[in-house]
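Record features (Swiss-Prot):
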| type | residues | note |
| --- | --- | --- |
| REGION | 1-45 | region 'Disordered' |
| TOPO_DOM | 1-122 | topological domain 'Nuclear' |
| TOPO_DOM | 144-209 | topological domain 'Perinuclear space' |
| TOPO_DOM | 231-256 | topological domain 'Nuclear' |
| TOPO_DOM | 278-311 | topological domain 'Perinuclear space' |
| TOPO_DOM | 333-358 | topological domain 'Nuclear' |
| TOPO_DOM | 380-386 | topological domain 'Perinuclear space' |
| TOPO_DOM | 408-437 | topological domain 'Nuclear' |
| TOPO_DOM | 459-507 | topological domain 'Perinuclear space' |
| TOPO_DOM | 529-548 | topological domain 'Nuclear' |
| TOPO_DOM | 570-590 | topological domain 'Perinuclear space' |
| TOPO_DOM | 612-773 | topological domain 'Nuclear' |
| TRANSMEM | 123-143 | transmembrane segment |
| TRANSMEM | 210-230 | transmembrane segment |
| TRANSMEM | 257-277 | transmembrane segment |
| TRANSMEM | 312-332 | transmembrane segment |
| TRANSMEM | 359-379 | transmembrane segment |
| TRANSMEM | 387-407 | transmembrane segment |
| TRANSMEM | 438-458 | transmembrane segment |
| TRANSMEM | 508-528 | transmembrane segment |
| TRANSMEM | 549-569 | transmembrane segment |
| TRANSMEM | 591-611 | transmembrane segment |
Amino acid sequence: MVGPTRSKLREGSSDRPQSSCTGQARRRWSAATMEPQQERSAPQERTKWSLLQHFLLGGRKLPSGARNYAARRIQSLNAQNYFQLEEVAKLLLLNRFQFLFTLLDHFREKVQALQMHRFSHRTLFGLAIFVGILHWLHLITLFENDHHFSHLSSLEREMTFRTEMGLYYSYFKTIIEAPSFLEGLWMIMNDRLTEYPLVINTVKRFHLYPEVVIAYWYRTIIGIMNLFGIETKTCWNVTRMEPLNEVQSCEGLGDPACFYIGVIFILNGLMMGLFFIYSTYLSGSQLGGLITVACYFFNHGEATRVMWTPPLRESFSYPFLVLQMYILTIILRTSTVHKKHYMALCFSNVAFMLPWQFAQFILFTQIASLFPMYVVGYIEPSKFQKIIYVNMSSVALCFILMFGNSMYLSSYYSSCLLVTWAIMQKKSKIQKLGGTELQFWLIQGCFWWCGTIILKFLTSKICGVSDHIRLSDLIAARILRYTDFDTLIYTCAPEFDFMEQATPLRYIKTLLLPLILVITYLIFKKIVRDIMCVLYTNTYVRKQLLDNAELIFHTLQLLAFTGLAILIMRLKLFLTPHMCIMASLICSQRLFGWLFCRIHFENVVFGILTMMSIQGCANLHNQWSIMGEFTNLPQEELIHWIKHSTRPDAVFAGAMPTMASIKLSTLRPIVNHPHYEDADLRARTKIVYSVYSRKSAVEVRNNLLKLHVNYYVLEEAWCVVRTKPGCSMLEIWDVEDPSNAANPPLCSILLKDSRPYFTTVFQNSMYRVLKIN
């Protein structure tokens, strides 16, 4: 149901610049003070027991297998026997009462421990809920301040979802507007609007399980509330600044965009609560959890972009990676692992991989961190084998749930799992090849890397996905400095550029980087000592190695995330939160117990937090000071013109971000879109983007007609925009098509006069719609 419509003046706003040791010591002291008491009381106990045995057995020892019992009768008692009997009676009575008192005292201690344990868990989860709500409020505040989302019309809200965000949201919109949920699901699994005239399964291609689940929740919740007559949204007439007309704006669960964004922010709020629990477990202290939460907030702009771009795949996927790494930490630390932990690991793997195509490469770096730990001996072979089997099961489940998507079988992740399993099966044979322990390690490492690369290449050829762009291909292009049209389209985008030089400086100002360097240094000292112990003394310190497994894993994973973030700036979303988690180890007794036995570690922690907060609070203030209001009048005019002046089956082509908005808001068929990983789509996009090349107009027109395009949306900015040297469309095309480098740009010609091969049918300050003749 919809509440009453009221008038509300949109407020003016400025534009956004861019639209514990003490307890252990006490236990040791208690044990040390009790031992002498036990030694002093031992002779007395032996005297009493000898007296009791002498009286009952007449000085004889008990026969083998006999039980102690008192004589049934005493025929005669002399004075000595009387006093002996009295002493025995006191002893028996005292022992019984001592046993009873000891039992009651032990029971009382158990109850107190249980109550303290329950209170500790209540406190832990209570704090986790608190920081989760805090993060949720932080996200919605930043999002509202930036977009003024509560005052936008439905069309304006859709336009805020630019590039691939609009593409994902369009499928959510399709399901909720369909007559039934199953009909909507069938529509997106047999979609003809996205890559016209092809019919594609968008759930398989675009990893749309989040949209399917949220759409199901939306239809269910709204259906129940409508059944009981509960109001689901309230609408206003919002007066916009001149020359914009008045629009209707709605808030509440009944508004699809508000519901969709709300679910994403709730999920990421829960993630912050999970961060607190995770880091508390890793560090062994709730203060460690506090350190992680504070570091995350103080470095929020470097840790996530969910507050600016909610519908991106990482917003749904990354919280489940945090859950997966928490469960894996429990498995690595615990000596006896229950089946439920492996089941939870499998679930979190699947939940992490299903929404995001890049997730498999992140899990590959995880196996690459675990394998050397297995080789050196930080992980028991049986435990590591179970972890590999769980990961294999996760790949199989994702392959099934994604309708046989061959990308899951041809990735580095699946290849390294098979190679790891093979090395474990043939370990005895491989051991014969190496003489020393170090040689054995190196041979296994070479087999692992070479086998993974070769198997990945073979499976890609067999599955026919060798031409698809993945995260690994972009990293390889970065390292090898290989450039072509496809890689430049990616790497010229700011989020796929190298890490900014200012990023490490920001980490230093909040003390995050210095803290991580100290912690990493201490862990590496442990690693070197352990390896030297194995290699040079030939003594395998199994207990110590197993105790340090989770610390080694997090350090190796930190190195992997650092490398990824340096090569691709977008992957800071893995590095910065992981640094925040590892910062909690400043409260670890195993790393800093030598320090905390000399000074109170609470003072150290709060001192660090105080110094962090100097720059951290300034960062938060900068985020909160971002005030803006979304508006894009040229695109709004374009969408209105398309809705009212073109047929519903008119096919459009143009820049990928604009095509996503046209598909979302007008439901017109498009031939290209921002999901650029597929090889066929990249070929289509290259044809579409040839308008910005130096090719002839007739050649471009003929290629567009082969794609059944009726209208081309030309953007003047794309003709001249240059984000950095070598990244304008003309420069990219000169690399791809050097034979036409001497010709004039086609875009400039079409802007002057589009005839005879095109006709300009719509024009404003940003867009021109060219009808293809």
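The backbone N, Cα and C atoms fix where each Cβ goes, glycine too.
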Remote residues contacting the transmembrane segment (549-569) - C-beta distance under 8 A, at least 6 residues beyond either end: 282, 325, 328-329, 332-333, 365-366, 368-370, 372-373, 378-379, 471, 474-475, 478-479, 494-500, 503, 516, 520, 523-524, 526-527, 575-576, 578-579, 581-582, 585, 590-591
Recorded stretches the transmembrane segment (438-458) and the transmembrane segment (210-230) touching, at least 3 CB pairs under 8 Å: no
Chain residues outside the transmembrane segment (387-407) and at least six past its termini with a C-beta under 8 angstroms from it: 201, 203-204, 207, 209, 328, 331, 342, 345-346, 349-350, 353-354, 357, 360, 363, 367, 370, 379, 413-414, 417, 420-421, 424, 463-465, 468, 470
Confidence summary (mean pLDDT) of the topological domain 'Perinuclear space' (278-311): 93
Contact set, same chain, for the transmembrane segment (312-332): CB under 8 Å, 6 or more residues outside the stretch: 164-165, 168, 207, 210, 264, 267-268, 270-271, 274-275, 277-278, 281-282, 304-306, 341-342, 344-345, 348-349, 351-359, 362, 366, 379, 383, 387, 549-550, 553-554, 557, 573-574, 577, 581
Contact call for the transmembrane segment (257-277) and the transmembrane segment (508-528): at least 3 Cβ pairs under 8 Å, seq gap 6+: no
Tertiary contacts of the topological domain 'Perinuclear space' (278-311), as residues 6+ beyond its ends and Cβ separation under 8 Å: 20, 123-124, 127-128, 131, 135, 138-139, 142-143, 146, 161, 164-165, 168-169, 260-261, 264-265, 268, 272, 318, 322, 325-326, 329-330, 503, 506-507, 510, 512, 550, 554, 572-573, 576-577, 579-581, 583-590, 601-602, 605, 608-609, 612-613, 615-617, 619-620, 622-623
Sequence-remote partners of the topological domain 'Perinuclear space' (380-386) [C-beta within less than 8 Å, at least six residues beyond its ends]: 331-332, 337, 342, 370, 374, 421, 424, 546
Intrachain neighbours beyond the topological domain 'Perinuclear space' (570-590), with Cβ under 8 angstroms and 6 or more residues off its ends: 20-21, 24, 275, 278-280, 282-285, 287-289, 291-292, 295-296, 299, 302-305, 314, 318, 321-322, 325, 362, 495-496, 499, 503, 507, 512-513, 515-516, 518-520, 547-548, 551, 554-555, 557-558, 561-562, 564, 596, 601, 604-605, 608
Residues in the topological domain 'Perinuclear space' (570-590) grouped by DSSP into helix, strand and remaining coil: 20 helix, 0 strand, 1 coil
